[in-house]
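Enquirer: Straight out of TrEMBL:
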type	residues	note
COMPBIAS	134-146	compositional bias 'Pro residues'
DOMAIN	15-121	domain 'Gnk2-homologous'
REGION	129-155	region 'Disordered'
TRANSMEM	161-183	transmembrane segment
C-alpha cells in the first residue's frame, strides 16, 4: 500500500474511499461459509491489531466441509490497537454488501484492508496464524534428578572396562609364559648315538692318518731288522 497527501495521516484511521473486488464464483453451503469467514476475520483482526510498528497484519485459514478458506487482514502500522480494530470492523461490515455468497472478496480502505479466498494467495513465509487457538508450547523435559549418579555410573563403567582389559592382558601373559615353559621342557635332547658316531668318525680319521705305505715302512725299519725292533706286542712286532 502506498499513500501520500498534503495533510497529516499518521495515526488517523481513514475508511474512505473504499475499493472492492470479489470472486465471480458462488459457494453452495452459504451459511457455513459465511460463519467461517466471520469467525476467521474476527480472530485475525485481534491478532493484527496487536502487532508492532513493524507490521500489523495476520494470515490464517479455516476449514469447512470440502473447502478451506484463506484470509489476510492488515492495518497500517501507525494505528493504535483500538483504531486498527475499528477500521477493520467497518471494512468487514461491507462483506454482505459486496461479497455475499462469493468464494473470494477484497476490501481496501486507506488505513486497513482484508482479503479471503478458497485458494491460498499469500506467501507461506508470512506467519500463518490459524483461526483455532494455538496449541500450548511443548513442555520442556526436566533435567535428570541426579546427574551425580549418572557421572558415577559412567565412572563405574569406565573402571569396569579398565579392570576387564587388565585382567585379560594378565591372563594372556600368563598363558604365554606357560606355553614357553612347556616348549622348553619338551625340547628333545641330543641323542648319544650322534656323539658316538662323531667319535667313531674322528677315530677312523685318526687311524687313516696313521697308515703309511708298506715300502716306506720297510725302508724306515731297514727291512724289519732286529736292530730296529723295539719289542713284541699283541698286534705284532714294534719297530722304531
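Using the three backbone atoms N, Cα and C, a Cβ is placed for every residue, glycine included.
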Enquirer: Near the transmembrane segment (161-183), which same-chain residues lie under 8 Å Cβ to Cβ, leaving out any that are not at least 6 residues past its ends?
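Expert: Long-range Cβ neighbours of the transmembrane segment (161-183): none found.
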Enquirer: Check the domain 'Gnk2-homologous' (15-121) for me and report the mean pLDDT.
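Expert: For the domain 'Gnk2-homologous' (15-121), the model's average pLDDT rounds to 93.
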Enquirer: In the domain 'Gnk2-homologous' (15-121), how many residues does DSSP assign to helix, to strand and to coil?
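Expert: In the domain 'Gnk2-homologous' (15-121), the DSSP-based counts are 36 helix, 36 strand, 35 coil.
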